[in-house]
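Feature list (source: Swiss-Prot):
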- HIS54, HIS56, HIS113, ASP137: Zn(2+) 1 binding site (BINDING)
- ASP58, HIS59, ASP137, HIS175: Zn(2+) 2 binding site (BINDING)
Amino acid sequence: MEIKRLPALSDNYIFLLYDADTQTAAVVDPAEPTPVLECLNKLGAQLVAIFNTHHHYDHVGANNQLQQYFPNLCIYGGSEDRGRIPGQQVFLKEGDRVEFGQRVGEVLFVPGHTRAHIAYYFPPKLSQETGELFCGDTLFGGGCGRLFEGTPTQMVNSLTKLRNLPDNTRVWCAHEYTLKNLQFALTVDPDNLVLKNRYHQVKEFRHQGQATVPSILGEEKLTNPFLRWDNSAIQLTIGMTDPARVFGKLRGMKDTF
């Protein structure tokens with residue numbers, strides 16, 4: 001399974017999964033149709049599936065148009081997003097499986113950013129492969145999504161699920177927010193040398209116009225404050241130890257950063 005990263009809108013990424021053996025493709029969170037159609041045309045591929053993580057327009061905006069071009073494709077989304085995702089045909093819940101090419105993905109229910117948010121985790125099939133996590137707006141490079149419909153407790157539980165995945169998992173988040181997220185992270189975890197090194201690396205990447213997605217989950221665990229609510233240095237900075245309270249305080253600080 002090849003993964004193509006397609007920039008869209010101002011800072012979104014659409015991810016196109018391509019199976020060369022069958023010349024079929026699936027897309028995750030198509031914000032707009034043109035990048036998808038152009039990539040499909042270059043590959044000579046047929047679109048067979050859309051995997052939506054949640055209902056926000058910048059993740060489902062191309063559903064209807066792509067369905068018009070490929071009327072036999074199947075549109076997947078969370079069961080609690082019924083009526084909110086255009087064209088949705090399959091309603092997924094925690095523990096369900098989705099198949100594409102030779103890979104089988106696991107559905108994770110990760111409410112917080114929205115009440116119905118899901119993520120797709122494709123574990124490695126072969127020893128040389130990595131796991132692939134498509135997490136929408138739940139986890140970002142160096143950050144996480146705002147709480148539009150969920151609570152801090154829900155988000156901590158959701159991020160715990162993601163944090164428990166293998167360290168070498170690639171994190172395909174839906175926005176290019178990493179640099180600003182790391183700038184904030186340094187304000188709450190200023191003595192973290194791994195974080196400082198990552199910040200300088202990401203700053204150089206962005207200066208050169210390079211993407212910072214995907215990131216590696218192991219690096220997120222060491223540098224992303226929203227996966228480090230139980231870190232003693234961050235707890236000391238925040239002045240709290242309860243996970244949901246630490247997370248809620250961090251999220252509130254980031255919202256006004």
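The chain as shown is numbered from 1 upward.
In case you wondered, yes, glycine gets a Cβ from its N, Cα and C as well.
Fewest Cβ neighbours within 10 Å among the binding-site residues ASP58, ASP137: this applies to ASP58. For the pair HIS59 (Zn(2+) 2 binding site) and ASP137 (Zn(2+) 1 binding site), the Cα-Cα distance reads 9 Å. Those same-chain residues not listed among HIS54, HIS56, HIS113, ASP137 yet with C-beta within 8 angstroms of the centroid of the Zn(2+) 1 site C-beta atoms are THR53, HIS55, HIS59, THR114, HIS117, GLY136, THR138, GLY145, PHE148, ALA174. Secondary structure from DSSP puts HIS175 (Zn(2+) 2 binding site) in a beta strand. Most Cβ neighbours within 10 Å, among the binding-site residues HIS56, HIS59, HIS175: HIS59 holds that distinction in the structure as shown.
Proximity of HIS113 (Zn(2+) 1 binding site) to non-local residues of its own chain (separation of 6 or more, Cβ distance below 8 Å) is seen for HIS54, GLY136, ASP137, THR138, CYS144, GLY145, ARG146, LEU147, PHE148, GLU149, GLY150, MET155, given in sequence order. HIS56 (Zn(2+) 1 binding site) sits 13 Å from HIS175 (Zn(2+) 2 binding site), counting Cα to Cα. Other residues of the chain with a Cβ within 8 Å of the Cβ centroid of ASP58, HIS59, ASP137, HIS175, the Zn(2+) 2 site, are ASN12, ASP29, ALA31, HIS54, HIS56, GLY136, ALA174. Taken residue by residue with DSSP, HIS113 (Zn(2+) 1 binding site) is part of neither helix nor strand, so it is coil. Taken residue by residue with DSSP, HIS59 (Zn(2+) 2 binding site) is part of a helix. Just so you know, the Cβ of HIS54 (Zn(2+) 1 binding site) picks up 29 other Cβ atoms within 10 Å once every protein chain is counted.
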